[in-house]
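Copied from TrEMBL, the annotated features are:
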COMPBIAS  255-292  compositional bias 'Basic and acidic residues'
REGION    248-292  region 'Disordered'
TRANSMEM  23-41  transmembrane segment
TRANSMEM  47-64  transmembrane segment
TRANSMEM  71-90  transmembrane segment
TRANSMEM  152-169  transmembrane segment
TRANSMEM  181-208  transmembrane segment
TRANSMEM  228-244  transmembrane segment
TRANSMEM  296-317  transmembrane segment
TRANSMEM  359-378  transmembrane segment
TRANSMEM  390-409  transmembrane segment
Amino acid sequence: MATTTPLTPPDQHREPPPRLGGALWWALCATAALGLAVFSALGPHRVWGAAAALGYLAAALLTARGRSPRIAGAVALAGAVPLPLLWLLAVDLAQLEARVVARSAGLLLAEGTPYLQHPVAPEDFNPYLPGMAVFGLPEALAGPGPFTDPRLWMGAAFLGALAFALPAGDRSAPLRWIAACPLVALPLAVGGVDLPVAGLMCLGLALAGRGRAGAAGLALGAAAALKWTAWPAIPVALALLAAASRSTSAGRPADGGEGRGDSRRPAVRREGRGDSRRPAVRREGLGGSRRPADRAAARCGLVALLTAAALVLPAALRDPGAFRAHVVDFPLGLTDAVSSAASPLPGHLLATHVPGGRTLALLLLGVSALLVALSLLLRPPATASDAAARLALGLLLAIAFMPASRFGYLVHPLVLAVWAAARQTPGHPLLVRVGKQVSR
């Protein structure tokens, strides 16, 4: 019989497993930030690196002296996000992406499309889908200022969506860690368009795991209207909804109890005096369990597509040629202007240094997408955490094999992986479940 017993005193005094947030972690973060401050050619990145290095170094020293991890994390966060952000706002310095978003909002209000008709230089291009312009509307309507800067609204959208996607309880700890991580803190301060996309993907998967198909479609459709990067999240959510609905029809609980110690079991009934207890299974046949699953997935997919279409099509149809040049040709490297997304990842290295390498990189990208799609069909994710891990893997492969890519895109799989881990809340630390044969 399985029982729950307290840990013995020797167990309680065992060394806890290592975790991110210790002195070594903050020291590594300080090293990365300092390297960016010294070697980056971008002014906003140098400012962030200098400020963040101080915050991370202070956090490492506090942790080494035995101070609370919460205090050390707060110091690291203050140095990595508010301090450089306030300085950059004061001197009106931002990453190019933030300026592109602000300009696209002005063009959208003036001409009905966020895209310049005849882009020439790389900074003329807007490789984002029309929905991204919404973060530039405050500046387009009220004028430039500290409170209308697009990076504030993109950061608020990211943190808000991620907070709602996390399980109920103490949401502040994972939020603080994610925000203090260099790969997230940098775009929060200098202006990163990938953050709201990542937050909305997490929210969409969380809602799908709770069985809220319509709301999940709304969140994923909004993400899909921002960047192409969000589109793979839609089939992953559909697979999750289909699997969760069939599990519920078979008598297993949905994902709503994940990470909360949910111990619901199928109802049991006594068939007769001598019978042992058996689950009362509702026999509906294969079609009976498939229909609710198919309806939930179809509802999510339909809402996602309608939401994305409502936000994208008006601007795309206003000037189809400009739309294609900005969001299709430029990211794929089919224009005379060269994208700044040129990090030395496998796809870019193949496209740059190998004859026919661009075709090979696109072929590897297609094969990766096919393998992930097959995994969704053959072994669909059972929980939102599983879905996030599958999506993170798919996006990691896409980032690796895209001909034009950058290290900053890794924020997508990072946020998805951390969010998935945050949903897996362990049991009480002083309790352990053991199996014990009871005999008298």
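Residue 1 is the first one shown; counting continues down the chain.
Just so it is clear, glycine is given a Cβ too, placed from its N, Cα and C backbone atoms.
TrEMBL entries are annotated by machine, without manual review.
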Item to check | Segment proximity, the transmembrane segment (359-378) to the transmembrane segment (181-208), 3 or more C-beta pairs under 8 Å | outcome: no
Next on the checklist: Check for me, if you would, whether the transmembrane segment (23-41) reaches the transmembrane segment (71-90) - at least 3 Cβ pairs under 8 Å, residues 6 or more apart in sequence.
Outcome noted: yes
Next on the checklist: For the transmembrane segment (228-244), I need the partner stretch with the highest count of C-beta pairs below 8 angstroms, choosing only from 47-64, 71-90, 152-169, 359-378.
Outcome noted: 359-378
Checklist entry - So what's near the transmembrane segment (47-64) in sequence-distant terms, Cβ-Cβ under 8 Å and 6+ beyond its ends? => result 21-24, 26-27, 29-30, 33-38, 40, 71-73, 75-80, 83-84, 87-88, 93, 182, 185-186, 189-190
